[in-house]
Structures are given as structure tokens and as C-alpha cells.
Amino acid sequence: MSRSQNEEFQQWWNKQRNRDNQNDDESSFLTVEIRTPENVDRDKDRIRTRTIRQLSRLYLLKLKQLASSFLWIFHSFLHLLRTANRRIANDNPPSSTSSARLYRLIKAFLVLVVLLLCFELAAYFKGWHFTPPSVASAEAAVEVAYAWWLEIRASYLAPPLQSLTNVCIVLFLIQSVDRLVLVLGCFWIKLRRIKPVAAMEYPVKPVGEGVRLEDYPMVLVQIPMCNEKEVYQQSIGAVCMLDWPKERMLIQILDDSSELDVQVLIKAEVQKWQQRGIRIVYRHRLIRTGYKAGNLKAAMNCEYVKDYEFVAIFDADFQPPAEFLKKTVPHFKGRDDLALVQTRWAFVNKDENLLTRLQNINLSFHFEVEQQVNGVFINFFGFNGTAGVWRIKALEDCGGWLERTTVEDMDIAVRAHLCGWKFIYLNDVKCLCELPESYEAYKKQQYRWHSGPMQLFRLCFMDILRSKVSVGKKANMIFLFFLLRKLILPFYSFTLFCVILPLTMFFPEANLPSWVVCYIPGIMSILNIIPAPRSFPFIVPYLLFENTMSVTKFGAMISGLFKFGSSYEWVVTKKLGRSSEADLIAYAESGSLVDSTSIQRSSSDSGLTELSKLGSAKKAGKTKRNRLYRTELALAFILLAASVRSLLSAQGIHFYFLLFQGLTFVIVGLDLIGEQVS
């Protein structure tokens with residue numbers, strides 16, 4: 001190729017290349033290149049990795065929390081098992097009396113209920129609850145057995161159960177009407193402002209300022225006690241502070257203590273008040289028979305008692321106000337037929353725990369409604385054993401204190417009423433006292449309070465019929481005072497809610513209406529709680545706890561009615577001395593206490609010595625523990641099993657009642673109500 005041709009070709013080639021470059025620039029201008037940066041991909045990977053790591057940590061945290069919850073539940077369950085095992089090991093089995101018999105019957109009932117529940121569960125999962133098999137159409141052996149069971153249950157078992165249910169419902173309605181009448185009577189008293197009025201009043205000013213000593217009758221004050229080292233000081237101190245002429249009052253400290261240390265301490269306390277000029281004597285029986293009744297009977301046999309006209313009685317934990325005698329004794333003036341003036345109890349530890357709150361509801365109704373209504377309308381009620389003033393002539397007229405029952409206070413009140421004597425109740429005069437704070441102490445107290453009346457009913461039934469009082473008073477004493485309020489109430493409470501109700505779940509042909517299970521008991525609980533309005537938040541625990549206590553009251557009632565040995569056992573209700581601190585503060589504020597420097601040292605050394613011995617004995621003594629109550633636990637399992645059966649039948653009210661009542665029995669059976677001791 002020549003040079004000229006080569007140049008031409010070069011020029012042409014350059015033109016073509018320039019044209020291609022221009023086309024490329026235009027295409028590059030029109031085309032958008034989308035390219036993901038590398039750092040964005042790295043961020044996505046990093047975010048994805050971080051999210052996975054966070055989720056892993058979150059799930060690990062959730063798993064850890066779940067494991068901790070399960071571990072806590074497991075440890076709590078183990079702790080509950082250890083507590084139950086320890087309480088079973090330390091618990092004494094029921095004695096070979098009514099308690100043991102009742103426990104054996106309840107265990108047999110529990111076995112029956114568990115077998116019935118297993119049978120019903122199998123039938124439910126087979127679908128036989130929806131299409132019940134008949135004997136003719138049944139094929140499998142289990143199906144035939146269930147068909148036979150349905151026929152036997154409907155034809156032979158349900159009718160007598162329904163009859164017993166109807167009887168208990170009638171008794172329940174009668175008792176509810178009685179409770180309603182009492183409440184209406186209390187409303188009438190409040191509306192009309194009816195209250196006993198004394199024929200005279202003692203002046204507040206002390207004797208010697210225009211007041212004659214002869215205007216004050218001779219009064220004997222008695223404080224029976226037995227091994228009550230926690231409360232003896234407060235009761236002796238309160239009684240010694242009574243506003244009454246010293247020359248017209250004698251205080252008897254009736255000590256039945258079996259512990260030598262306690263005897264010496266009480267003697268030292270008595271000597272201390274003697275040195276202050278108080279007429280007070282100490283008495284200790286060598287032969288301790290008859291419990292409290294024997295103690296009071298021995299004290300009334302003293303020669304000097306004939307010089308006194310009235311006797312005031314206080315238990316060891318009671319603290320009467322200073323004006324107690326001035327508010328009670330004037331009611332005897334001009335009323336020769338008046339035997340007793342009873343005052344109200346007030347409780348220093350009513351807010352200590354749930355148990356004391358529930359007790360306060362019961363006792364507030366007893367004093368505000370029962371005692372007040374009976375005192376106003378029929379002039380008769382049961383003597384409460386303390387915080388009352390008796391005319392000594394009335395005590396002698398009806399035979400004095402008898403040792404035949406464990407309710408000597410009710411015994412002497414019944415005999416005095418049959419002799420024509422009348423009673424007065426003062427609702428506005430209150431004596432401080434202490435409620436049992438442990439379930440063990442409360443249960444023993446209730447057992448004695450419900451077995452004793454049945455003993456007394458057996459012993460005095462013929463005396464009531466032969467007495468000279470009117471037919472109306474005889475009917476009131478037999479049907480209302482004894483049968484309805486002492487026998488029928490614990491009978492239907494236990495039978496209806498702890499026996500019949502669970503059985504009706506397994507025998508659906510026998511019907512227990514919802515208004516009997518829920519509505520009427522709820523209304524009655526509201527009526528019971530009216531005298532203690534601050535306790536309204538505890539209305540549901542009160543209803544459930546009263547049903548729980550029905551097993552103890554029923555056993556006590558049966559024990560007293562059929563003369564079982566445990567009905568004659570007297571156990572002193574354990575006191576903790578809660579009221580001592582409040583009492584001392586009140587004395588300090590009022591300036592009533594004498595300066596301790598005025599006390600001579602004639603008995604202080606021995607008292608301090610014995611006090612130190614007592615303190616060392618306390619430390620070396622046996623550790624107190626909570627108990628396990630097998631009867632209540634057996635009933636808890638019965639009610640919970642019945643609640644499962646009611647759930648299968650979709651019975652809402654019955655299910656919830658049985659569930660919560662069963663849980664209440666569990667709480668009480670494990671001694672988780674009241675005072676807890678480690």
C-alpha cells in the first residue's frame with residue numbers, strides 16, 4: 001500500500017473511531033447503571049447476624065426465666081412436701097375417740113369419691129355422659145357395668161340422698177329465719193334505743209367527798225387461772241385498778257397452775273399489790289378437780305364469802321375498765337330477781353391476722369345481736385363465763401358451780417333461769433380480752449364450746465321439763481337455745497356442704513339448688529358481718545372458713561351428745577399476752593400506776609429468781625411448731641374431686657364453690673391460717 005493510500009485509510013479509520021466514541025457517549029448518557037455497593041451488602045449481613053444474635057439472646061432469656069419459674073415451683077413444691085412431711089412426723093394422730101372415728105369415716109368417704117371420680121372420667125372420655133348406655137345395648141364389660149351403675153344410682157341411691165338433702169335444706173331455712181329474726185330484733189333495739197337503765201348511779205368523785213361507804217355493796221372479784229404466765233400480770237393489774245372502795249372489795253386470785261415457776265410469779269404479783277394496800281388474796285388448790293368449775297366452787301366455800309353480796313368473775317386475759325363495777329352493780333338496785341349482769345367483750349388483737357379477724361365477726365354478732373336481743377326480750381342468755389357480775393344469793397339458790405360439764409358457765413345460767421332468775425346484758429360496757437391467734441388454740445376452744453352444750457342438754461333436759469317456768473320459756477330453751485343453735489347448726493353445716501354437696505356431683509339425680517349453695521349462705525354471711533362493718537372485705541373468707549370449721553363443731557357436737565371421752569377434756573386456751581402492752585401504755589398515760597420505787601423488796605428477789613428460771617426454761621423448752629390437720633386435708637381432697645366431677649357436668653356455681661371450699665380446707669389443713677411458727 002502506498003503512502004497516500006495509507007494516509008487515507010488512517011484518516012478514514014480515525015473518523016470511524018470518533019463516530020463510535022460519540023455513539024458510546026450517547027448510549028452511556030441514556031443508560032442508568034444500577035449497582036449495589038459492597039458496603040450495603042456488608043451492612044445487611046451485619047444486621048441479619050445481629051438480629052439472629054438478639055433473637056437467640058431473647059429466647060435464651062425467656063428460656064432462663066421459664067426455667068427459673070419451673071425451678072421456683074419445684075422448690076416451692078418440695079418445701080411444701082417437706083413442711084407437710086415434717087408436720088406429719090411431728091403430728092399426733094387423732095385420739096381414739098370421736099375425732100378418730102370421724103377421721104376414719106372421712107377417709108373411707110375419700111376412697112369412695114376417688115373411685116367414683118375415676119369411673120366418671122372413664123365414662124366421660126368414652127362419651128357415655130352424652131349418650132348414656134343401657135343394659136340391653138351395652139357391649140363391653142365396662143359399658144355394661146356403667147349401665148348397671150346408672151340404674152342402681154337412679155333407682156336406689158339418689159332417692160334417699162335427695163330426702164336427706166331436703167331435710168337439711170329445711171333445717172337450713174329454719175336456722176336462717178332464726179338468724180333473720182335476731183337481726184330484726186337488734187334493728188328494733190337500735191331504732192327504739194332500748195337499753196337497760198340502772199336505778200341509781202355512783203358518782204365519779206372518790207369516797208369521802210359526800211359519798212357514804214355504806215352505799216357501796218360488798219363485792220368479791222375472782223380471777224381463775226391455770227398456767228397462764230403470759231397474761232396474769234395484766235388481769236391482776238386491771239382488777240386492782242377498779243374504781244371501788246378498797247374496804248368494800250376483795251380480790252381472789254384462784255391459781256390452778258401446775259408449774260411451780262408460774263405459781264411463784266403469781267404469788268409475787270399478789271404480794272406486790274398487797275403492799276400497795278389492795279385487799280387481794282392468793283389461793284392454790286392441792287387437789288385440782290373439776291377444772292374451772294371446781295376452782296370457783298372451792299373459792300365460794302370460803303368462810304368470808306358470806307359477807308359479800310356480789311361476785312365479779314374475769315378470766316386471766318381480761319382487763320375490765322376502772323368503772324366496771326360502777327356501771328354494773330347499780331343495775332341490781334331495786335331488782336331482787338336479777339341474778340346476772342353480763343358485759344361485752346372487746347378484742348385487742350382482732351386485726352392480728354386473718355384468723356382473729358374472722359373470729360371477731362362471729363363474736364361481734366354473738367354479743368351485738370344474740371346476747372342483746374335475748375337479754376332485752378326474754379331476760380335469758382348463756383353466761384359467757386367471764387366479764388359478768390353475779391348475785392351470790394342466785395348462785396346458791398341454783399346449786400352453785402357444778403363440775404359435770406366443761407361449760408360450767410352455761411350450766412349455771414340454765415339452772416338459774418329455771419329457778420326464775422333474770423339476766424341483763426350491757427352492750428356498752430366492754431372488757432378487753434385476747435383472741436386465740438393460732439388455729440390449734442382456736443380449734444380446741446371451739447371443740448369445748450360445742451361439746452359442752454350437748455353434755456348439758458342431756459343432763460338438764462328432764463330438769464327443764466319439770467321446772468316451774470312457763471311453757472314458752474321451756475320451748476325457747478329446748479328448741480332455740482339448745483337444739484337449733486347448738487345441735488342443728490353444726491349438723492346441717494357439715495352434712496350439707498361437706499357430705500351432701502360432693503355426693504350430688506356423683507349422683508346428679510339428687511339435686512341441691514344453687515340458691516342453697518350460694519345465695520342464702522351469702523345473705524346470711526352479710527347479716528353476720530353487719531355488727532362488724534369493717535370486716536366486709538372478708539365476707540368470702542368468712543363464709544368459706546365457717547364451712548371449714550363445721551367439721552370440728554360437728555365432731556364436738558357428736559362427742560358431747562353420745563358421751564365420748566374427749567368431750568370431758570378441758571384444754572386452757574393459749575394466750576400470748578398481746579393486751580399487756582396496750583394496758584401498760586393506757587396505765588402510764590392515765591398516771592394510775594404507782595411509782596415502782598414505792599414497792600418494797602419483800603418478794604422481789606424470789607420473783608426475779610423464778611423469772612430467770614422461767615426464762616431459761618423457755619429457751620430450753622420444746623420448740624413450738626405448726627401442725628398438720630388430716631381430717632381437714634381429707635375433706636379438701638373430697639371437695640376438690642367433687643369439683644372436677646362438677647366441671648364435667650358444666651355446673652358453674654357448684655364447681656366454683658367446691659373449688660374454693662376445697663382450697664380453704666387445704667389452707668386450714670396445712671395450718672397456714674393464723675399464727676405461723678417456724
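Using the three backbone atoms N, Cα and C, a Cβ is placed for every residue, glycine included.
Per TrEMBL, the feature region 'Disordered' maps to 1-28. Annotation source TrEMBL lists transmembrane segment at 105-125, 164-189, 487-506, 628-647, 653-673. As annotated by TrEMBL, domain 'Glycosyltransferase 2-like' applies to 311-505.
Most Cβ pairs under 8 Å with the transmembrane segment (487-506) belong to 164-189, among the candidate stretches 105-125, 164-189, 628-647, 653-673.
Residues 84, 87-88, 91, 93-94, 99, 102-103, 106-107, 109-110, 113-114, 116-117, 120-121, 439, 443, 498, 501-503, 505-506, 548, 551, 555, 654-655, 658-659, 661-666, 668-671 of the same chain lie 6+ residues outside the transmembrane segment (628-647) yet bring a C-beta within less than 8 angstroms of a C-beta in it. Non-local neighbours of the transmembrane segment (105-125) in the same chain are 142, 146, 149, 499, 502, 506, 551, 631, 634-635, 637-638, 641-642, 644-645, 648; each lies 6+ residues outside the stretch with a CB under 8 Å from one of its CB atoms.
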